[in-house]
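Notes for the one structure printed next.
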Amino acid sequence: MNIVKVKDYDEMSKKAAAFIIEKIHRNPNLNLGLATGGTPVGLYNYLVKDHQKNGTSYKHVTSFNLDEYIGLSSENPNSYRYFMDKHLFNQIDIPKSHTHVPLGDTDDPKQQCQEYENLLTEHGGVDLQILGIGSNGHIGFNEPGTSFQSTTHIIELTPSTREANARFFDDPNEVPTHAITMGIASIMRSKEILLLISGKSKKEALTQLLQGELSENFPASVLQAHPSVTVIADDEALGKS
Ligand code: F6R
């Protein structure tokens, strides 16, 4: 694991944007894996600014998001499809047909999981996957205990994850109980991974990632076994401030 230490959230976001932009310049047909949540918002702002200023094009990029809440439609402001349209896709030149987020309001979530996994395979997998991390070590929505062999599947969110994500909802009771997420095996198939970690609340998770043992009880630990992972972590997450 290559660890890049930065001062704060802004520097993490800027470095992450530069990392991705460089990959797109090298490979305009990049298959880019994306995450939602608070962590990548600054990164997406920098990608948008760069697109406007320097014209980096996403016309030939294909994107795959990690996860989506079950029961929320794309028009629901708390859905991850809505989040991605708002923070990134509507502000760059990526064709909407190239952007993939699991469908949360489908009648058959199980079938949707299979279709999403097939889609990943048909496209030859993700070249670069962006990840955040939950304070319990989840990646995507793969909660502790998820099998390292898992492909895209339905997951019941833990109370701590629902609580952490309640900040985005008007009423905490509206946080869905289930989500569709790429599995650990799906994530591990990415050729390269960029993990972003910022803030005091992620300090223990970062320590465990770097020093803990490989265990399904701490899903992110699987990244220790991936050949190409870069972690960008800020001082607060590193326990330096
Ligand atoms: C979101 C995702 C999650 C988040 C994690 C951290 O697509 O896959 O694993 O990355 O819950 O969330 P934030 O960034 O809000 O702390």
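Numbering starts at 1 and runs along the chain as displayed.
Each residue, glycine too, has its Cβ placed from N, Cα and C.
Now, the feature entries from TrEMBL:
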type: DOMAIN; residues: 10-226; note: domain 'Glucosamine/galactosamine-6-phosphate isomerase'
type: ACT_SITE; residues: Asp67; note: active site, proton acceptor
type: ACT_SITE; residues: Asn136; note: active site, for ring-opening step
type: ACT_SITE; residues: His138; note: active site, proton acceptor
type: ACT_SITE; residues: Glu143; note: active site, for ring-opening step
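Taking each of the active-site residues Asp67, Glu143 in turn and counting other Cβ atoms within 10 Å of its Cβ gives the largest count for Asp67. A C-beta separation below 8 Å, combined with a sequence spacing of at least six in one chain, links His138 (active site, proton acceptor) to Pro144, Thr158, Thr161, Pro219, Ala220. The Cβ of Asn136 (active site, for ring-opening step) has 18 neighbouring Cβ atoms from other residues within 10 Å, across all protein chains displayed. In the predicted model, the domain 'Glucosamine/galactosamine-6-phosphate isomerase' (10-226) has a mean pLDDT of 97.
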